[in-house]
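A short write-up of the structure that comes next.
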């Protein structure tokens with residue numbers, strides 16, 4: 001994707017910020033000044049007003065929204081060893097996948113997270 005110049009635009013008369021809006025009758029994007037009603041039609045290369053880019057890192061794919069080790073409703077096991085601290089108790093949750101089942105473990109001692117493919 002080609003990089004386009006994006007940024008704030010200012011009124012040439014009052015130096016106030018120009019705000020984007022749609023002219024619904026002509027179906028075009030325009031920028032207008034709230035102070036003096038100055039208005040200019042946006043160039044087609046400026047039609048993208050906002051870009052939200054998300055980069056997902058592999059380590060961020062295992063996300064825990066809260067401390068699952070203190071949740072008494074989740075299953076626990078003593079049949080695994082934590083790869084970080086070697087503790088033998090962990091909370092786990094399972095997720096079905098195309099290859100079988102994935103188990104997500106959370107060590108109750110050091111809060112380390114890891115997964116196992118079953």
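Cβ atoms here come from the backbone N, Cα and C positions, even for glycine.
As written in TrEMBL, here are the features:
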- 11, 33, 36: Zn(2+) 1 binding site (BINDING)
- 78-115: domain 'TFIIS-type' (DOMAIN)
- 82, 85, 107, 110: Zn(2+) 2 binding site (BINDING)
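With all protein chains in the displayed structure included, the most crowded Cβ environment within 10 Å among the binding-site residues 11, 36 is that of 11. Listed in chain order, the residues near the Zn(2+) 1 site other than 11, 33, 36 are 12, 13, 14, 16, 18, 32, 34, 35, 37, 38, each with its Cβ within 8 Å of the site Cβ centroid. With respect to their backbone Cα atoms, residue 11 (Zn(2+) 1 binding site) and residue 110 (Zn(2+) 2 binding site) stand 56 Å from each other. Here the C-alpha separation of residue 33 (Zn(2+) 1 binding site) and residue 110 (Zn(2+) 2 binding site) works out to 56 Å. Taking the Cβ of residue 110 (Zn(2+) 2 binding site) as centre and 10 Å as the limit, one finds 12 other Cβ atoms among all the protein chains shown. Across the domain 'TFIIS-type' (78-115), DSSP helix (H, G, I), strand (E, B) and coil residues number 0 helix, 19 strand, 19 coil.
Cα separation, residue 85 (Zn(2+) 2 binding site) to residue 36 (Zn(2+) 1 binding site), rounded: 66 Å. Put simply, residue 36 (Zn(2+) 1 binding site) is 61 Å from residue 110 (Zn(2+) 2 binding site) when counted between their Cα atoms.
Annotated pair residue 107 (Zn(2+) 2 binding site) and residue 36 (Zn(2+) 1 binding site), C-alpha to C-alpha distance, rounded: 62 Å. In sequence order, 83, 84, 86, 87, 90, 108, 109, 111, 112 are the residues of the same chain, not among 82, 85, 107, 110, whose CB sits within 8 A of the CB centroid for the Zn(2+) 2 site. If you take the C-beta of residue 82 (Zn(2+) 2 binding site) and look for same-chain residues 6 or more apart in sequence within under 8 angstroms, you find 88, 90, 105, 107, 109, 110, 112, 114.
Residue 107 (Zn(2+) 2 binding site) is surrounded by 22 other CB atoms, counting those within 10 A of its CB over all protein chains shown. Of the binding-site residues 33, 85, 33 has the largest number of other Cβ atoms within 10 Å of its own Cβ.
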